[in-house]
Amino acid sequence: MVLDLDLFRTDKGGDPEIIRETQRKRFKDVSLVDKLVQADTEWRKCRFTADNLNKAKNLCSKSIGEKMKKKEPVGDDDTLPEEAQNLEALTAETLSPLTVTQIKKVRVLVDEAVQKTDSDRLKLEAERFEYLREIGNLLHPSVPISNDEDADNKVERTWGDCTVQKKYSHVDLVVMVDGYEGEKGAIVAGSRGYFLKGPLVFLEQALINYALRILYSKNYNLLYTPFFMRKEVMQEVAQLSQFDEELYKVIGKGSEKSDDNTVDEKYLIATSEQPIAAFLRDEWLKPEELPIRYAGLSTCFRQEVGSHGRDTRGIFRVHQFEKIEQFVYASPHDGKSWEMFDEMIGTAESFYQTLGIPYRIVNIVSGALNHAASKKLDLEAWFPGSQAFRELVSCSNCTDYQARRLRIRYGQTKKMMDKAEFVHMLNATMCATTRVICAILENFQTEEGIIVPEPLKAFMPPGLTEIIKFVKPAPIDQETTKKQKKQQEGGKKKKHQGGDADLENKVENMSVNDS
């Protein structure tokens, strides 16, 4: 995931100031651009030097061959004149008066210089890449420039009534329908572990089937992806911070051989976007094949580092969940990827409209975008029980930022072109099931239970096609009852203690005559 290096090179038509401005707008380190330009300049010098040295090496070999053919004396002295030690400026005329022994000495010096230059070049290449991978994609002009997501995300539009208030939040409702077991889940899997139960298992499967059916009707190719990826491939689709904050590492044996002691490092996927991005790795895509649409279904795994204390109850923010993802490879020309961007968020909106879930579309501020996204729109559903908007969908156009490192190229092979072009890659959530379940529970709650949204009824079993009935009391009501009971008991105890104290005072104040 990187920008085109030519964007940093003024002699190639690039303008580093444009990228500096992008870094400023992203509220990221601007000095990375200057460090990269310096490293790239030194790298290009090394490559130029290496080219000259290789020419010198070939010249030495040719001169030795000619002298041997002419049977000239080999010579014993390998002392070199000063002009023969200027390796990058060697010419046939410089080598002509030298003996074979002297030219062989020149070739040894050239080999040593090549080795040092290659070492310097590789070091600079690694340094340049470290800077490059931390510089974000160019921003779309419509992105709001701010580092305050809460205050400055721009609401583009809303759908449905986003003012409705209802009694219970999803935290209570998952318990009331007996569709969730959190305590046992935490014992088995640790924090945020859970078992989905009974009616919510069916509701989740209904959402999956309905979402896939819609995407299939829109010419998406369905993919059930691997759940883990090799480290070297994951490095091409995930930014560095994700390895520390989001991804789970899996360690296994290097092969299936019993005597193999090597270690194989893999990473659990955080979204099916990651394996689908690599699905066409190293391929050339013809213009007439685009756009290529994929609908990814997978379990997703996220560490949620930095989310301590947020959404600790219920199933809204968990370490493991099912998700259907839209992923598209698009042409880099004529704004085609931006047309696809609008289509993808429109597909997601249509899905939630048919479910009857109110929402708003939010344009995310520059400072909150990941490196790859040129622009991101979120669909935030209205949760009437929680009295809040919560994110259900993220739709991003990453332009050619991801494709470059994955080497997914556009058009003809490089032999037919001056320079390889890369496809544009876009992703958008269709349905993260646990979050959508939470939204359905809050929006469709009644006194008796949860009304099943019309499009999902066909996927639900007999007895659950119309309503998922409440079978347990709301935890919040039980907590309130306990508090009230405790307060009442405390009041009685205080009153009783107060009566005893009055009696003791009277006894102490009694005189002999009183008795």
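Including glycine, each Cβ sits where the backbone N, Cα and C put it.
DSSP classifies E325 (L-serine binding site) as strand under the three-state reduction. Long-range C-beta contacts of E325 (L-serine binding site), restricted to its own chain and to partners at least six residues apart, with a cutoff below 8 Å, comprise T271, S272, E273, I276, A295, G296, L297, S298, N427, A428, T429, M430. The feature L-serine binding site is assigned by Swiss-Prot to T271, R302, E325, N427.
According to Swiss-Prot, the compositional bias 'Basic and acidic residues' annotation covers 479-507.
Annotation comment: Swiss-Prot describes 9-61 as region 'Interaction with tRNA'.
For 475-515, the entry in Swiss-Prot reads region 'Disordered'.
DSSP assigns T429 (site 'Important for serine binding') to a strand segment in the three-state reduction. The site 'Important for serine binding' annotation in Swiss-Prot covers T429, and the record cites similarity to another entry as its basis.
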*asked:* Please list, in sequence order, the residues in the chain of R302 (L-serine binding site) that are at least six apart in sequence and whose C-beta is under 8 Å away from its C-beta.
replied: E246, L247, A270, H319
_Count of other CB atoms lying within 10 Å of the CB belonging to T429 (site 'Important for serine binding')_ = 24
*Within the region 'Interaction with tRNA' (9-61), residues counted as helix, strand or coil by DSSP*: 45 helix, 0 strand, 8 coil
